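> Sharing a structure below in structure tokens format, with a few things to ask.
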Amino acid sequence: MAAYGRIAGEIRQRIERGELRPGDRVPSTREITARWRVAMATASRVLAALRDEGLVRAVPGVGTVVAERAVDPGGADPTGAPDPGGGPDPRGPDPSADGRVHPDRPEPTADRLVRVAVEIADREGLAGLSMRRVAARLGVATMSLYRHVPGKEDLVLRMIDSVLAARPLPDVAGGWRERLEAAARLQWDLFRAHPWLAGALSMTRPQLLPGAIAHTEWMLRALDGHGLTAEEMLHAAVTVFGFVRGTAVNLETEAEQRQHTGLTPDEWLAGQSAVLTAITGSGRFPLFTRTTGTEVDMALGTLFEFGLARLLDGIGEWISDRPALDGQRTT
């Protein structure tokens, strides 16, 4: 568990036990750094996490204090504020979420918690996911979830690992190209099924999760034995993944835009005809103007297919002159 999550958990427990009552001041960032010997940035994340949970609030001239309704008896927001993820669901209401605590309902397992969180994120994105929303779906008190996860950040990590592990990589016959293509298509299918996933995965700070590493290992095996160094194999594998992810981040954006505007991409573009006519009529962009005179399919799926084929073509040219090392594979 991250240091900030552990510290936030200790303060949360003090609030639950009544040691810190509404209006009481919680440790400041300086007090946290001194007591737990952590950096100021970590201390700030502790208080931010507690604020996000509605457990504390900032009071000018006083500091951070326990919120008036910090001990949440159910799925409601302890601060009384509306749930940021509570907007209308484009796919209709969730019949299982009545927002009430059911004392006779058994405490959910960690796996069940993650499954429900994935279902919410699939419907509403990570912006619509909160510990309160998960608790409401499960019919338990929000505080009970913290026995399984320290907060939303850790929950999202478990969600990522769960959805990646749920779809095993296929046993594909053929060479490196067929295997890389199979991995890329599986990743694309995962991103389409879970539009929040692409944005949740980081290229610069990769989440070291078994489900994610399994994809990397599988792609490295596809490239092993073709005269590439370990660094080159990793660069190639990450480049393919980066292409798939980079295309897929638009899936959630497009879903949000369609929900907000009620327009498909083609319908939206039709509404830009006056602007497009002005641009093409200026004479400044002759090649672009030529493309507007034909029917060009710019759907994300089409761009994925075109880009993947060209990327694999390029990798093929790159390794074509390398000596095969089939007898020196690492696997």
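Using N, Cα and C of the backbone, Cβ positions are placed for all residues, glycine too.
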> Which residue range, 30-49, 130-149, 190-209, is the one TrEMBL calls DNA-binding region?
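Here TrEMBL associates DNA-binding region with the stretch 130-149.
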> Looking only at the domain 'HTH tetR-type' (107-167), how are its residues distributed among DSSP helix, strand and coil?
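Counting residues by DSSP class gives 46 helix, 0 strand, 15 coil.
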> Is it possible to list how many residues within the domain 'HTH gntR-type' (1-69) are helical, extended or coil according to DSSP?
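Helix, strand, coil within the domain 'HTH gntR-type' (1-69): 35 helix, 9 strand, 25 coil.
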